[in-house]
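The annotation signal peptide is assigned in TrEMBL to 1-20. If you look up TrEMBL, you'll see 32-144 marked as domain 'C-type lectin'. According to TrEMBL, the feature domain 'EGF-like' maps to 296-334, 413-450. Taken from TrEMBL, the feature transmembrane segment covers 488-511.
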Amino acid sequence: MRRLPLPLLLAGLCLGLAGGAEPVAPSGAQCLEHDCFGVFWTARSFEEASKVCEAGGGHLMTVRSTVAEDAIALLLQNRNGRLWLGLLLPRECTEPSQRLRGFQWVTGDHRTDYSNWAPSGRRCGERCVTVSRELRWEERLCNETADGFLCEYNYGGSCPHLSSTEGLPVTYVTPFGARGGDFLALPPHSSAVIPAIELELSCNEDDGVLRWGHAAPGAWPCSLANGGCEGRCDEEDGRQRCLCPDSKVLAPNGRGCISPCARASCQHHCVVAGNTFVCMCDTGYQLAPDGSSCEDEDDCAMVPNPCEQKCVNTEGGFECRCFVGYRMVEGYCQLVSSCYKANCEQHCEDVPDGYHCSCYDGYAIDPQDPTRCLLHCNHSQCLAMCDQHRESCECPEGFLLHRDGDSRPVCMDIDECDMNYCHHNCTNHPGGYECHCHAGYRLLDQNQCVSILVEDGEGVYSGDFGPGTQMPVPSRTPPKAKRLHPGVLVGIAVGTLLAALVPLVLGYHLARKCCRSPATMDYKCSSPHEKEMGLQPVTLACAA
């Protein structure tokens, strides 16, 4: 693997001898962007060395590449001695054929791109590894004492070396106790002391970024690291201030530059407009009067309505639905066909709640069965429905078939009112008739009229007489006459004559319409009374 140039590897170096049995700080240290390494020249066993590293927030050093090997070379500075590395044997004996010979790192893994073992055979027992001035790895018993040890500290980021246009001296102190002024990168929670301007800074995270700062807001002297300003540092009359470029504003610490939207309380979106901002909302919402929150907009109230049939407003949008009998197909409501299960005799039409049967011209729906069609004519005369050769023709109910030479047969309406079916009044219709009663009477069936009995405080009386002119209603049947008066005999003779003339009149009427015999017209009557030719009994009064 290619070695990196020395200036890129060395982030800082602080050499010196530690006095006493317990090292207060590493004898030397260097830091890269995410890692720091420290050398401790004090005799310790493997276990004791591990505890010292862990107390500073690290562990014994892992050497996985030539970059780490170069860091060791810089820390040793050609000094003789053997230092503990972070390798230990988790099994009974070593395996010389393997890259790490069966050892594993104190981090619990075997990952490495580099090894530099001193020659040795298979050995057993509790073994750990030291590194010499020649950078060779040697196996040793873990309970033995080495000349020192190497610690490794890992971080998520670092603060840069503080530059000074006036060459102000800076002393750095790391979290694991290393001190010096030549560090090129410092881990989080490091401090920098500048005695000349009585300033102390710390490396901490600010808005997600590691940077130098102090508790008081605002800039420090612009000659040191641009006064800590992210933008431009301006100094006038011994006072320093930070300035930000367009579309940026000063952060709360008075040094950083942030977007105006960083301080905005917009619920959905914030748009920078110069050195200020404007809140905006998602589609389906509108900006509330407070200028920052968003309210749901009733999309269904838009004109035109966004849906074909039914619109249901939802949070931030809307949903289209269909009426009963329709279904949604690719965003449109289509009528659900029900005619496939219908039993219509002629036509079928889909409607929202099912289907509707209809008929050809000349036919109408059967009132008794809405799926069937009957012949229908709404005029006094209509063309008959015949087969191709006009041998078999049909007429609607209430009509008679009429043939006139070679012309097409027609259906002629029967005028039932000429047959005196009705008790009182009669209105003829194409294919039928309707009976009406005088005032004070009501229809009992299709033809007969009966008196309406009215009850008030003075008694019961017939509907066609008032209380003062009421005809007496007998409480019992009048006694039978013992002998006939001569006037009765005259009445009987007249009634007999009328009974003989009625069939003759009816026969003449039918012959005039050129239709079937009177017997064929009786099918239009629905009760026996309708076949009695409208004759009513006549009561003759007897002279006293």
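Cβ atoms here come from the backbone N, Cα and C positions, even for glycine.
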Helix-strand-coil residue split for the domain 'C-type lectin' (32-144), DSSP-based: 21 helix, 30 strand, 62 coil
The domain 'EGF-like' (413-450): DSSP-derived helix, strand, coil residue counts: 4 helix, 16 strand, 18 coil
The domain 'EGF-like' (296-334) - residue tally per DSSP class, helix then strand then coil: 3 helix, 18 strand, 18 coil
